[in-house]
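A.B. asks: Can you keep this structure in mind? I'll have questions shortly.
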Amino acid sequence: SDHMENIYGYLMKYTNLVTGWQYRFFVLNNEAGLLEYFVNEQSKHLKPRGTLQLAGAVISPSDEDSHTFTVNAASGEQYKLRATDAKERQHWVSRLQICTQHHTEAIGKNNPPLKSRSFSLASQGSANSPGLQRRPSQNAVSFFSVGHHRLPTGKRVPIMQPDHLVDVREMMSQAEGQQRDLIRSIECLPASGHLTSLDQDLLMLKATSMATMNCLNDCFHILQLQHASQQKGSLPTGTTISWLEPKISLANHFKNGAAQNFPTEINKPASVREEQSIAEPCQLTREPEEIDPDEELEDICDDKEDDLGAVEEQRSVILHLLSQLKLGMDLTRVVLPTFILEKRSLLEMYADFMSHPDLFIAITDGTTPEERMIRFVEYYLTSFHEGRKGAIAKKPYNPIIGETFHCSWRMPKSDVATDAGSTFSAPSPSEQVTLPKDLEGQAELDYYTVKFVAEQVSHHPPVSGFYAECVERKMCVNAHVWTKSKFLGMSIGVTMVGEGLLSLLEHGEEYTFSLPCAYARSILTVPWVELGGKVSINCAKTGYSASINFHTKPFYGGKLHRVTGEVKQNVTNTVVCRVQGEWNSVLEFTYSNGETKYVDLTKLSVTRKRVRPLEKQGPFESRRLWQHVTESLRDGDIDKATEHKRALEERQRNEERLRAETETPWCTKYFLKEGDGWVYHKPLWKTVSAAQTQQMDTN
């Protein structure tokens, strides 16, 4: 009974992006099942500024920090609140959850199912339509009882016979048609007025009806499997019955309140027709193209992803999308709304991880195997901060199969750090690495060039290959990454499956490394990114390895973006370096000699990449391929960006279907399949090896 007493006190309430957080006086009315708030304690006897019905609500502690939590009402309304500390948050969350559970259970016990009532949208917003009147007193029971029929007392549901499945399928088809009519009616409502297409109750009805039809389709599929097993006697060994992907296309319902029929081919912009009419990639030349770094210009594009407005404005679309997803669902085949996209391709994002080429080049300057491993760890940990543009968790474009991205960086040789206290010692004559004649000229320039190429080598599963090299320093890195996305409730997790290989040819060393997982948190409010998981770096030749932990924020307390790691000599099991800090802020390196070094990532100089102008890029190079989507996003025209994006995706689906029908395999351009991985067709280690062999033959 103590837990059912009313509680009250001040909490901070998030209002909007302009106003931000404001102190408000909250009262939990346990008897009525209401959470009310007032401007201050003195005004608590007046009419509350806001009220939430807690029956059917969800109370969720936030993973942003240890003070914030949200109250999501059954009506779709949400309060984002913040207590003074973790203890006070737990107190409010516990009391709210107890009150919510009590009133939700009471509704189920005390309210029999209502009789069927009509929910007609024929009048489309008429104030006289009882089915459309918004009643403030409407609770969760009346809202979720639309179309509910109670079976007559004493009647049993007959056991479903196999031959009744045809009748069930017919009834479900009718229900699907009615559900589509309902969705169409809601979306055709005006965008403003007494009743709009963004009405919270109608959005909830729309999402619930779609989820119900998905569930019914899954159940019907299970009945079909059971019927098949009865005919055959039993299910075959190894057969599993699992939930299916949504049956209703997500792509058709991103834009609320507007018809989804795009213009006909005649009325489409020329850019869209161009996107749809580019020839089948395998019919284009698949010969690798040698990019001349002198054609590349310093990148002047600076698309910072710091605009939160679109995410807040489109919250109803996100709610609608989430209603169709299941926990653990693979998001690879789910088309996400355009407004959450970054203005760059995933392939370009991989290039942005190389934005500190001076640290990359300096790895090979280490005079000992220990120092080279430590330098690689330092470079590895500094790469993620610049790879993520802005604090908001937006998603880069999913690369089209066959898409490529090229760029390079130029670093003055004087800017590349060498070993502190000593100069780099050249390898002995026996260790000298011979460059091919066509590459020897690069070593005579007063700057180093790091070249980068990436290609989307597979669509299902989505696999990207990328390669970077510095010919002058005789080093290169090759990697392939398979991105696996899963829906985790209020978060989205992305696992980076794959492996990278750094080759230091001057030292004959190879370093294998993996990548952490990424998580987009708080996707209903202000989404943000954190990294998580354990990664490893190993060098088999020298026996040095590194173990790095990216820590996700704990439920209570703790810091965001924390990372820890250590470098050790495997033979002696000796730790030679420890690292701790935040991967997007300050890192602290402690060495075996007792010295400590701090690296402030926010102050590290970023070298701009060099990219060819659009007019010199091929039709499948990232920036030219996505240029119309990017331009529309810059202009804030989400509808136009969606149209261009859909044209690209539809073309890819048509090409994939054609290849399947003609049994034509996909031909990659720059990367070759080797075992479970993908390797650049002309890596530096092969080029150098061939040059050395040729020199030996000449001698």
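Residue numbers in this text run from 1 along the chain shown.
The backbone N, Cα and C atoms fix where each Cβ goes, and this holds for glycine too.
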A.B. asks: Among 104-137, 410-443, indicate the range for which TrEMBL gives the feature region 'Disordered'.
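C.D. replies: It is 104-137 that TrEMBL describes as region 'Disordered'.
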A.B. asks: Treating G and I as helix alongside H, and B as strand alongside E, what does DSSP give for the domain 'PH' (4-101) in helix, strand and coil?
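C.D. replies: Across the domain 'PH' (4-101), DSSP assigns the residues as follows: 20 helix, 40 strand, 38 coil.
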A.B. asks: What average pLDDT does the predicted model assign to the domain 'PH' (4-101)?
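C.D. replies: Mean per-residue confidence for the domain 'PH' (4-101): 87 out of 100.
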